[in-house]
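Student: Before we start, here is the structure in question, set down as structure tokens.
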Amino acid sequence: MELFRGVLQVSSNVLDCANDNWWCSLLDLDTSDWEPLTHTNRLMAIYLSSVASKLDFTGGPLAGCLYFFQVECNKFEEGYHIHVVTGGPGLNPRNLTVCVEGLFNNVLYHLVTENVKLKFLPGMTTKGKYFRDGEQFIENYLMKKIPLNVVWCVTNIDGYIDTCISATFRRGACHAKKPRITTAINDTSSDAGESSGTGAEVVPFNGKGTKASIKFQTMVNWLCENRVFTEDKWKLVDFNQYTLLSSSHSGSFQIQSALKLAIYKATNLVPTSTFLLHTDFEQVMCIKDNKIVKLLLCQNYDPLLVGQHVLKWIDKKCGKKNTLWFYGPPSTGKTNLAMAIAKSVPVYGMVNWNNENFPFNDVAGKSLVVWDEGIIKSTIVEAAKAILGGQPTRVDQKMRGSVAVPGVPVVITSNGDITFVVSGNTTTTVHAKALKERMVKLNFTVRCSPDMGLLTEADVQQWLTWCNAQSWDHYENWAINYTFDFPGINADALHPDLQTTPIVTDTSISSSGGESSEELSESSFFNLITPGAWNTETPRSSTPIPGTSSGESFVGSPVSSEVVAASWEEAFYTPLADQFRELLVGVDYVWDGVRGLPVCCVQHINNSGGGLGLCPHCINVGAWYNGWKFREFTPDLVRCSCHVGASNPFSVLTCKKCAYLSGLQSFVDYE
């Protein structure tokens, strides 16, 4: 039998209106195994017993009803509340409220001096359906309360008649065998979709389920297999199925529920790397034509080494090294590669710097976090370290409070140093060491060709599927001791499938501090693009550097132009310091008297420990020094690409780029 449940609130004002019939009632209450009833507690016990007596001899819809009434004191205010559990052949959701209110108010009418009425609040689900779990509610909630919390209780349900007002039984109810409600009516046919509300132990589901539930389960599995996690992707993959489901309100709700379950399954129950691998390995055999492979080779990285690390990193198997940092100047493929990886995972979130109060609003419940060109402020540095290190934490969300964020892989793309922490108008490096311990950094220094195009999910799947199928040992050798800087390419350990692909241009240097095979002359300083030489907010020249060879063009190849500027224009257009002041010995550089060259530090004098052949900082200092010396003694010889053939001197004098290139500022000051 279905038993409905609800609550009646009895305020203290109702008891103030009690008449003599209520106070002087001779109703016998058995309190032999119960706490003594005094004052208003006795009034409520009399009232509850009077309602039960009337219900036993009433007719209409309440005839033959089972009931369980329990009155309790309010915790935070004066007064009482009555738990009502009842059900019968004539009761249904339509007449339940009217019948219960009529029964209690008819009895109350003869016990008060004023016209006071009680209101019944039935228990309902969030969808507006009535709870029908009265049996479980009695066993798991009402009968587990003991006197002082419970004022009085009455019932006509077998098994509870003698025990409902037994303090001894209630105190041992959790160990005693619970009685069951036995009726001739089969109560297993409850309406679908209504909550049972049980508090008992969770029992694994062993049933076969209904046809609708099996169909819904099949739909969720289909979404995961076809990598459909958004409504737009669903429309593209199977528009007919989406249209049929959207035609009804219940179908639209199924779409949202199925997508949520598919996302949960993909982010928590299935390794993320499975979505980055191609199902057909035969389609990934021509790996040398892959755009990502060409990009990484151009940046002087081994595509196999990077790919194996990405597969391990995306599955959260790198420990504290939970973050990939793509660092370099614009147009080098950083964001292109990061977004291609992000679009290949089930669902990704982005750190939003437009809202400084809630930058991590989109991080919770994602497979990957993309951090594009951001800064770390002192107010969020601790949360940022937890997220970058893959540690569980809580972040604030707008209009939602704080939510838990488990370890999620993070990929960062930036032109500046992300390890600097900003606090007001100051910048500190106190947290730099802790942040670097959570990252693996890849330097992107070679600009990509304009016709490279966007990297796609197919490129990522082809690249990573090929990497997953290779058994190359040099990744494990590096993974034993993770370093902050990702190791550069090793020609001896390069996979045979990659040997025929160009590795790096003649004018580029190792992005990870690798060894150069040729001695660098002073004239070649102006053709270098070195790490740190591009840290500027001022835009670079739009004119590309002409190529040094006529070989086949690939991702990082420079392009030709009819208007050619000075060969060092792009390389030297950098703000390493104030470009109009003279360099200071001991501050900006150290002079190597043996070779007659500037170096970055005393340790690199006479090529000990580095020098021009190994240290990129020494190369930067040399290019800076020679460029300054060249501009000082040739003030008006070099011009930008727009004024190469200009005859009007005022056009050159007013051009900021010409002033930077040829030292015209010092020339004007002198004149």
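Counting starts with 1 at the first residue shown.
Any Cβ shown, glycine's included, is placed from N, Cα and C.
Below, the features straight out of Swiss-Prot:
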BINDING   Gly328, Pro329, Pro330, Ser331, Thr332, Gly333, Lys334, Thr335  ATP binding site
COMPBIAS  533-552  compositional bias 'Polar residues'
DOMAIN    1-186  domain 'PV NS1-Nuc'
REGION    1-176  region 'Endonuclease'
REGION    532-554  region 'Disordered'
Student: Which one of these binding-site residues has the most other Cβ atoms within 10 Å of its own Cβ: Ser331, Thr332, Thr335?
Tutor: Thr332
Student: I'd like to know which of these binding-site residues, Gly328, Pro330, is least surrounded, judged by other CB atoms within 10 A.
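Tutor: Lowest Cβ count within 10 Å among the binding-site residues (Gly328, Pro330) is Pro330.
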Student: Cβ within 8 Å of the ATP site centroid (Gly328, Pro329, Pro330, Ser331, Thr332, Gly333, Lys334, Thr335 excluded): which residues?
Tutor: Phe326, Asn336, Thr413, Asn415, Phe444, Arg447, Cys448
Student: State the three-class DSSP label for Thr332 (ATP binding site), counting H, G and I as helix, E and B as strand, and everything else as coil.
Tutor: coil
Student: By a simple count of other Cβ atoms within 10 Å, which of Pro329, Gly333, the binding-site residues in the record, is least packed?
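Tutor: Sparsest of the binding-site residues Pro329, Gly333 by Cβ contacts within 10 Å: Pro329.
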Student: Given a separation of at least six residues and a C-beta threshold under 8 Å, show me what packs close to Lys334 (ATP binding site) in the same chain.
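Tutor: Result: Phe326, Tyr327, Gly328, Thr413, Ser414, Phe444.
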